[in-house]
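**Q** Got a structure here, written out as structure tokens. Questions coming.
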Amino acid sequence: MADTQYILPNDIGVSSLDCREAFRLLSPTERLYAHHLSRAAWYGGLAVLLQTSPEAPYIYALLSRLFRAQDPDQLRQHALAEGLTEEEYQAFLVYAAGVYSNMGNYKSFGDTKFVPNLPKEKLERVILGSKAAQQHPEEVRSLWQTCGELMFSLEPRLRHLGLGKEGVTTYFSGDCAMEDAKLAQDFLDSQNLSAYNTRLFKVVGQEGKYHYEVRLASVLNTEPALDSELTSKLKSYEFQGNHFQVTRGDYAPILQKVVEHLEKAKAYAANSHQEQMLAQYVESFTQGSIEAHKRGSRFWIQDKGPIVESYIGFIESYRDPFGSRGEFEGFVAMVNKDMSAKFERLVASAEQLLKELPWPPAFEKDKFLTPDFTSLDVLTFAGSGIPAGINIPNYDDLRQTEGFKNVSLGNVLAVAYATKREKLTFMEEEDKDLYIRWKGPSFDVQVGLHELLGHGSGKLFVQDEKGAFNFDQETVINPETGEQIQSWYRSGETWDSKFSTIASSYEECRAESVGLYLCLNPQVLQIFGFEGTDAEDVIYVNWLNMVRAGLLALEFYTPETANWRQAHMQARFVILRVLLEAGEGLVTVTPTTGSDGRPDARVHLDRSKIRSVGKPALERFLRRLQVLKSTGDVVAGRALYEGYAAVTDAPPECFLTLRDTVLLRKESRKLIVQPNTRLEGSEVQLVEYEASAAGLIRSFCERFPEDGPELEEVLTQLATADAQFWRDQVQEAPSGQA
């Protein structure tokens with residue numbers, strides 16, 4: 001059997017996303033709006049398969065073929081007859097549920113490959129003897145031949161997502177390395193093109209020069225587009241001795257489906273902001289224009305407090321090894337009014353709370369742009385995983401001048417809260433009951449502060465294309481050096497493009513630190529309804545949760561390459577290091593032996609020292625993070641952040657040794673089953689599924705009732721068209737592939 005790092009266990013937690021009550025409260029028009037936006041999101045989410053690994057689209061197509069012909073219970077009878085044990089068949093169901101849940105065969109949280117936990121020969125017998133194989137023998141055999149080896153392979157390079165020799169990525173062709181990514185970013189910056197909706201393909205030309213294709217995601221390919229700002233950029237360039245060609249049409253047939261449903265949703269929009277937003281999204285996905293997506297995002301920001309909230313596009317850059325290309329995601333959710341009222345009170349206090357942050361006023365935005373902050377119950381979240389909170393859009397220029405929205409996903413948090421006492425690793429016994437009682441409320445506080453005042457705070461110092469600065473060069477002083485500002489962002493540079501590989505994690509660390517820092521403020525806790533000893537317990541559990549998460553984070557570190565695979569977990573490890581460095585017994589991590597005789601560890605947080613030792617340490621660290629971010633000082637920023645993120649076996653903690661203990665006792669993240677919406681006449685029905693691997697599989701089998709086989713064919717054709725770029729990793733699909 002495979003190393004447990006690379007399998008999903010049979011007893012993995014599976015939870016259903018509960019949004020029945022929120023959906024019931026929608027009007028018929030709101031339901032139709034939500035339905036078409038959900039359809040757009042689910043179709044677009046299929047692009048993530050093409051953004052993850054060369055084999056992911058084939059695995060998805062194969063699984064979908066199998067379970068459309070026989071549901072999990074029917075296939076079980078066949079599998080047992082073929083000689084599988086109940087455990088082996090359950091392992092296959094869990095694997096399939098994992099592929100659907102992550103939109104690929106790499107975990108969305110940690111970027112680690114997972115493989116089926118049963119012998120390959122047995123799975124082959126099930127697949128080739130299945131009803132799907134009887135109905136379409138050539139197609140099913142062909143799919144299996146294309147992805148079977150890669151489905152199980154744990155060759156070192158294939159174990160993680162990464163660039164070049166570090167791992168697998170389909171954002172770049174297989175022969176690209178970090179130098180190519182940097183060169184491409186310089187090229188994109190020179191043309192004022194965003195990387196968010198691009199992929200990079202490299203070939204060696206006849207004269208030995210490298211040829212790079214920058215391919216934009218769009219419905220249109222070579223067709224001329226009238227009045228598009230992109231048309232003039234779709235051409236060949238010579239740049240630093242290399243040939244670049246800007247093309248478009250990536251994921252075209254998938255985005256065509258997205259556009260069709262966005263157009264349908266427009267008919268049920270609640271106001272002109274929503275109509276204009278959707279029109280710009282249609283333009284963006286049709287043309288491949290990030291500028292159009294920015295315009296849509298501007299209308300989205302202006303659409304305050306809608307009943308049905310949504311966002312869609314190439315958004316988060318966590319999984320691009322370089323950190324600037326966005327993964328497709330789309331969500332649709334309904335407002336939870338009770339929790340939203342608390343967040344609105346937090347927004348009302350935000351200007352006052354921003355003044356509490358440990359940097360000078362010049363490092364804060366000139367004007368606080370009052371954002372929306374709502375608690376939402378998710379109906380649909382398509383992509384590779386579901387976060388607990390979001391602060392979007394990610395476009396720096398919009399965030400600085402137009403503002404943003406904060407979203408806390410209430411029914412996702414409810415799934416995360418559900419913690420069994422026996423699963424609480426690395427904690428003192430006396431902390432466990434307190435933790436179970438206060439984890440939910442403390443997480444609400446942390447998510448609120450993290451999104452609104454973490455991601456929502458701070459200013460970037462920018463010199464625009466005309467040479468004008470957005471800060472006073474004469475009077476603004478760097479509090480770390482006592483000197484005038486020496487560095488800033490030039491026109492075309494963004495946080496992601498400048499800080500690239502550390503940008504996501506550094507920013508998550510800043511936001512998490514703001515949450516820890518401001519949760520000490522009594523005014524914040526009163527907003528959420530906590531005073532006296534309850535408030536102190538919320539603070540303690542919030543800080544304890546963070547330092548424990550810092551230890552759990554070691555699961556997401558790869559010693560062989562010295563790489564972190566998950567931005568949030570790297571951030572939490574960095575915070576643990578900062579608080580350990582503060583000393584005075586504030587935090588200790590002690591190796592122990594568990595009651596089972598195996599290695600264990602205990603995290604201890606001295607609650608009496610949170611304010612006296614923890615707060616000043618966090619204050620110093622936060623100020624440094626913000627100053628280096630504001631000034632775009634990537635050299636010092638990288639040195640600071642990578643210094644704290646280094647994992648060594650230096651005493652007293654011996655983190656590399658502790659990592660083995662963390663892996664020994666790790667808990668897999670839950671899989672989440674989402675409902676479907678179904679249009680029956682002019683009414684939209686909510687279709688729910690049981691919280692099990694089989695339920696998750698059924699939800700996906702019923703997700704594309706009209707065009708499932710067509711979509712699978714589209715996905716495999718798109719994957720096959722680009723298979724040559726990963727020839728050393730993937731065998732090209734045989735002809736006749738469906």
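For all residues, glycine too, the Cβ spot is worked out from N, Cα and C.
From Swiss-Prot, here are the annotated features:
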- A2: N-acetylalanine (MOD_RES)
- H450, H455, E508: Zn(2+) binding site (BINDING)
- E451: active site (ACT_SITE)
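Let's see these features in context: how buried, what's close, how far.
**A** Counting Cβ atoms from all protein chains shown, E508 (Zn(2+) binding site) has 22 others lying within 10 Å of its own Cβ.
Under the three-state DSSP scheme, E451 (active site) falls in the helix class. Sequence-distant neighbours of E451 (active site) (same chain, six or more apart, CB under 8 Å from its CB) are F373, G389, I390, N391, N406, V407, S408, A511, listed in sequence order.
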**Q** Sort out for me which one of H450, H455 has the most neighbouring CB atoms within 10 A, since those are the binding-site residues we care about.
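**A** Top count of Cβ atoms within 10 Å goes to H450.
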**Q** Quick check: in three-state DSSP terms, what is E508 (Zn(2+) binding site)?
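**A** For E508 (Zn(2+) binding site) - judged by DSSP and reduced to three states - the answer is helix.
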**Q** Using the Cβ center of H450, H455, E508 as the Zn(2+) site position, which other residues in that chain lie within 8 Å, going by their Cβ?
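**A** Output for this site, in sequence order: G389, N391, E451, G454, E507, R510, A511, E512, V514, G515.
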